[in-house]
Amino acid sequence: MRYLTSGESHGPQLTVIVEGIPANLEIKVEDINKEMFKRQGGYGRGRRMQIEKDTVEIVSGVRNGYTLGSPITMVVTNDDFTHWRKIMGAAPISEEERENMKRTITKPRPGHADLVGGMKYNHRDLRNVLERSSARETAARVAVGALCKVLLQQLDIDIYSRVVEIGGIKDKDFYDSETFKANLDRNDVRVIDDSIAQAMRDKIDEAKNEGDSIGGVVQVVVENMPVGVGSYVHYDRKLDGKIAQGVVSINAFKGVSFGEGFKAAEKPGSEIQDEILYNSEIGYYRGSNHLGGLEGGMSNGMPIIVNGVMKPIPTLYKPLNSVDINTKEDFKATIERSDSCAVPAASIVCEHVVAFEIAKALLEEFQSNHIEQLQQQIADRRQLNVEF
């Protein structure tokens, strides 16, 4: 399975083509739009989300509510394009018109793709870089992940996410799955402890008032995975490697870990390895889950726990020092409309990116043309965990 996105932040639309979704999967566009709406929320978001009403239009690959097995094309319209029609349109404009619109960018932002992207593609107007490197593209990725979540639901696989930390303020390390799921989206920073939520809001307000931004840590949990998805045989087939690549490909994500993650470096092996147990009804399982459901590059049947680190957004309303690429003189970096904190929204993006990686790995493990074939193969693998 694979997908390709296209579109600029202030262009007319985002387009995504997904290939490899099995036939006969029931799809309701409102289920996808429900996930799209979640991405737009979260405390600390900027004015852009007051303009956009992200909804998906499916233009191929689905007929009368069911997938065909052919590529699925989805379109997300950028409502803000009405304010950018001339500057972001395909038709040529004069340099005078461009200058009068004051949309040309020559002062790159530290921490963004602006300068290096301009060098790589020889763009003297850095807007050509930031329009594509913008996190607006993640709307298309959430649409893909929403499709994958529908697929996973048909396989009895749950996936959900939360915020673990914002600006150094931390929620509890982990909750049991029932508490986790019962309290999803109970507040606008996506943590479970409401007292922690208010402290995070205060931290976000403080950063906003100072013209600054803050980052944090998000967590994604995948439950009821069949064992043995991935491989120990080759490096490029390891499931944790694939998930890690997906997570750090999200805008502003700088790190990823599984289970207890970097805390494993502080403990002896006897406190980190998960003991193997057996029950005649469910088969093999682990007495703990320090490793986050992954052993030897494969799923072991325990919940897969993924932690992603998001740096603060690089656009600052009190900008850092930069250099004008035309004059080479010192200037403050360009200010673009932005969020002060996008960690709650990023947890939704991360959830959907992981959903794609999980669905892709399942379809590589159990090659299937239609959903019924996939369901049978996964049922057989789950039975193997009991009978082996």
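Going from the start of the chain as shown, residues are counted 1 onward.
Including glycine, each Cβ sits where the backbone N, Cα and C put it.
According to Swiss-Prot, the NADP(+) binding site annotation covers Arg39, Arg45, on the basis of sequence analysis. The Cβ of Arg45 (NADP(+) binding site) has 20 other Cβ atoms within 10 Å, all protein chains considered.
Counting only residues at least six positions away in the same chain, the Cβ atoms of Glu8, Ser9, Asn251 sit under 8 Å from the Cβ of Ser134 (FMN binding site). Swiss-Prot lists Arg132, Ser133, Ser134, Asn251, Ala252, Gly296, Lys311, Pro312, Ile313, Pro314, Thr315, Arg337 with the feature FMN binding site, giving sequence analysis as the kind of evidence.
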Would you mind checking how many other C-beta atoms are within 10 angstroms of the C-beta on Thr315 (FMN binding site)? 21
Cα-Cα, whole number of Å: Ile313 (FMN binding site) versus Arg45 (NADP(+) binding site)? 11
Sorted by position, what residues of the same chain at least six away from Lys311 (FMN binding site) have a C-beta under 8 A from it? Gly111, Gly215, Ala252, Phe253, Lys254
Thr315 (FMN binding site) and Arg45 (NADP(+) binding site), compared by Cα position, are separated in whole Å by 13
